[in-house]
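To keep things clear, I will list the structure first and then write my remarks on it.
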Amino acid sequence: MSNKDTRVVVGMSGGVDSSVTAHILKEQGYDVIGIFMKNWDNTDENGYCTATEDYNDVIAVCNQIGIPYYAVNFEKEYWDKVFTYFLDEYKKGRTPNPDVMCNKEIKFKAFLEHALKLGADYVATGHYARVRRHEDGHVEMLRGVDNNKDQTYFLNQLSQSQLSRVMFPIGDIEKKEVRRIAEEQDLATAKKKDSTGICFIGERNFKEFLSQYLPAQSGEMRTLKGEKIGTHAGLMYYTIGQRHGLGIGGDGDPWFVVGKNLDDNILYVEQGFHHDALYSDYLIASDISFVNDVDLENGFECTAKFRYRQKDTKVFVKNENENAIRVIFNEPVRAITPGQSVVLYDGDVCLGGATIDDVYKESGQLSYVV
């Protein structure tokens, strides 16, 4: 099938990355359609909606490069699959990653299904990742060429069938080249700042936002030996390894969050960046998704990331039970956070990932939840 007979539907956010993605595909001769996904009502307290501005940018870019465009509303799907999950995780005292769930349930499920109804052969997004296609039909996901921008961490839940329908045109180039192309083509988004943070919070204060949906209950802040240090504003506002926002004065090393007791509503803190309570030796993770087959029965060595832009850590992975894996670290790792993703790699190939449930010391002692 020639490029002109291949329809690619591009998820366009109104940012420079998806704009250049659409431009590249159009230049390569594909039949390109731009889709703006409205996942959240971004209207602020003054009645201003950032989604309107973003969609106007999508319209401008699509008109510039000469492709049709549509807006599709996925607010219900986003609420049901992403935001409800986000709140449920915080209720459990965990720190979720809504971007991972958004990619799994919205951008590469609801959006992909919609695109296929439009006759799409592929969907494309402005993610910094790569897809390697093999002659037998199976695919692999690779890190983006720009190590500083690689987004495979957030794509770890994508399946073989999803990836077989996906294109990442800017995964082979660096961010500065994306900007250069946008400026060279005088695209409307060429100078637009990259968006940061969680889309449904935007520029708002995180505590204020979360308190609108979940009641906060203040409680005691204690050391692991039981000494009362202060008062916390609500366990959901804190994450393992957090230093800022604790409100603890005094001399000596800074204080860090080292654990939570949900039953008694206690936040545990200790002094020192390298306090032993912040380190663990292995984790158990569920919601497992592997792009390709791996040998969980015998276990295998690979590297892992436990948060975005973290250096790879050498690990050994094996089955814990039919619903979970055990990831054992070659050396203790600091501040691994339940609710976040553990993402596994073999060189540049992203093998897949899972959601961190519990974190342990070598002795089998549970870390972080006392």
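Count begins at 1; order follows the chain as displayed.
For all residues, glycine too, the Cβ spot is worked out from N, Cα and C.
Among Met37, Met101, the residue that Swiss-Prot places alongside Gly11, Met12, Ser13, Gly14, Gly15, Val16, Asp17, Ser18, Gly126 at the ATP binding site is Met37. In the three-state DSSP scheme, Met37 (ATP binding site) falls into the strand class.
Sequence-distant contacts (6 or more apart, same chain, Cβ under 8 Å) of Gly11 (ATP binding site) comprise Ser18, Ile35, Met37, Lys107, Phe111, Val123, Ala124, Thr125, Gly126. Non-local neighbourhood of Gly15 (ATP binding site): Asp54, Asp57, Gly126, Thr189, Lys192, Asp194, Ser195, each in the same chain, at least six residues away, with C-beta under 8 Å from its C-beta. In this record, ATP is bound by Gly11, Met12, Ser13, Gly14, Gly15, Val16, Asp17, Ser18, Met37, Gly126; the longest C-alpha to C-alpha distance in that set is 15 Å.
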